[in-house]
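Annotation source TrEMBL lists domain 'Fatty acid hydroxylase' at 137-277. As annotated by TrEMBL, domain 'Very-long-chain aldehyde decarbonylase CER1-like C-terminal' applies to 459-629. Here TrEMBL flags 12-30, 51-69, 98-118, 130-150, 187-217, 333-351 as transmembrane segment.
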Amino acid sequence: MAAPFYAWPWEFLGSYKYALYVIFLAKDVYTRFQQDRIKDSCILDTLKDSWILHIFILSMLRLIMYQLWTSYSNMLFLTRNSRIIKKGVDFKQIDKEWHWDNFILLQAMVASLVLYMFPTIGKHYVWNKSGFITTILFHIAISEPVFYTIHKCFHGDYLFSHYHSLHHSSAVPQAYTAGHATFLEHLLLMMVIGIPIIGTFLIGYGSLSVIYCYVLAFDLLRCLGHLNVEIIPYQIFEAIPFLRYIILTPTYHSLHHAEMDTNYCLFMPLFDALGNTLNRKSWKMHKKNCLNSGKNGRVPDFVFLAHVVDMSSAMHAPFVNRSAASMPYYTRIYAIPFLPITFLVMLAMWVKSRTFLISFYNLRGRLHQTWAVPRFGFQYFLPFAAKGINKHIEEAILRANRLGVKVISLAALNKNEALNGGGTLFVNKHPNLRVRVVHGNTLTAAVILNEIPEHVCEVFLTGATSKLGRAIALYLCRKKVRVLMLTLSTERFNNIQEEAPSDCARFLVQITKYQAAQNCKTWIVGKWITPREQMFAPSGTHFHQFVVPPILQFRRDCTYGDLAAMKMPEDVQGFGSCEYTMERGVVHACHAGGVVHALEGWTHHEVGAIDVNRIDLVWKAAIKHGLKPV
């Protein structure tokens, strides 16, 4: 059973918890609207004097601040070398911190209740310069020592194990982590933040600007303390040594999370110095982290080279919204108003940009990264854009080669046959590459083929002459499975048929119309088909697919497979974002194919046509290394 005041009282409401404050806001607006009808005054004139409205605005600003700093932490293309703790944020931490904003709702509700209990607080002043000095004095004289004492007490055996350990359970601090604590701790923190404001108002120096500035400054410093990115230059402290006792750095508080019997202060290390709890390594570590930010970090062993799919999914990135990125992608209604911003970013990236780091994770001592080519899916189908896209891909491969990356895997359209021959263009142009370039399609084919039940004796295949279509057809015909290959090109069909063993070629059948497959219940879709074309499939058909985007699930009397994918091994670390529509912990098969290539230490390139003879070998290697079919 949880300790008293451990859980939040509105936990059962989930995301509907925000309705609790909406009640206060709606009641205030309604009351003032009624008053205005009686007084015949303007509702806007009345609302601008509403404390409840200001509390709402301030709460929104606080939410935005924490979101922006968390986004900054996850902008690995800016922060990768300045990160203090090099680990990735995993799904477990994201889930634990999902309701990090509970404390903002708590403080907004308590402030609103106080206003209802003491309606005589009356009109507020917008500005009072004496209030700023008073607030700072209250903070230094009361809030800082009170927090220091409380924080130190919460590191005692009982309070730590029953309360504060929740906050320290986050392995990688980020701005959201500042709000990840128990109900009791945030009740006490509310007192700490409230003392300077209440004290300033009691002596008559209170104003709106004092509340806004103090609360937002308080949040800013809390965000910086948990940022896990060092942004304060060490030269400041060398020029003015006393400032190191006044200013909290991200390194300083990260040391508290690493060595929990030191660095207890709120924002001023002076109180740790007075309490003899200052970690003597604080300044040395701070300088070291600052100097390291100018150097390249660890070289990845494996790189998955992805690209942006479309305008909406562009927002499905950890640096945009960490929580949303940890779930499979779908179009979120609240994201639609931001589409114009995404469009402008796309234009800016088109004009000037380069491949950038999106995410990373660790697997068995190896660092795996995902880089993104700064191009959207539709741009790959513009003939005039092909040269520029290939240039970005080539530069990424050459950069990986210079760094010492072992394997780089091309995702989706980056290995398009018409664009670069499935990566052949780059390998032929640079024959001395040390980095292994792979398309991962061998494992993609293996995943699709292993989904097909053993009793199936006939399949219908669209996209039949593509790289994957060819490999699937040749593999199945060797298993004596009849393959109805939909293609209008007799020449390409004949070329594939000639590759089949002489006793198996008869199992490959060219067809040119969907009607020819109306009795086949196993469809393998490698080229997008419309709902009308799906109607030719008999009832009970299962649609396997390797087409992007996936086909519409139009038929209720049929079943649909997902895109070829595999679940990552259980010992993966720091994995905290979903690839497009994939479930948690699942990656596209071409990504998994690159991972297997790296884990096996294979030294050959995997570009161009798929080697059918290696399909079973790659599948067994994937299973051996703990990857699982989904």
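Yeah, the Cβs are placed from backbone N, Cα and C, and that goes for glycine too.
Because TrEMBL annotations are produced automatically, they should be read as predictions rather than curated entries.
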Would you report the average pLDDT that the model assigns to the domain 'Very-long-chain aldehyde decarbonylase CER1-like C-terminal' (459-629)?
94
Under 8 angstroms, Cβ to Cβ: which one of 12-30, 51-69, 98-118, 130-150 has the largest number of such pairs with the transmembrane segment (187-217)?
130-150
Looking only at the domain 'Fatty acid hydroxylase' (137-277), how are its residues distributed among DSSP helix, strand and coil?
96 helix, 1 strand, 44 coil
With a Cβ cut-off under 8 Å, give me the same-chain residues at least six positions beyond the ends of the transmembrane segment (98-118) that come close to it.
8, 10-11, 17-18, 20-21, 24, 51-52, 55-56, 58-59, 62-63, 66, 176-181, 183, 186-187, 189-190, 193, 323
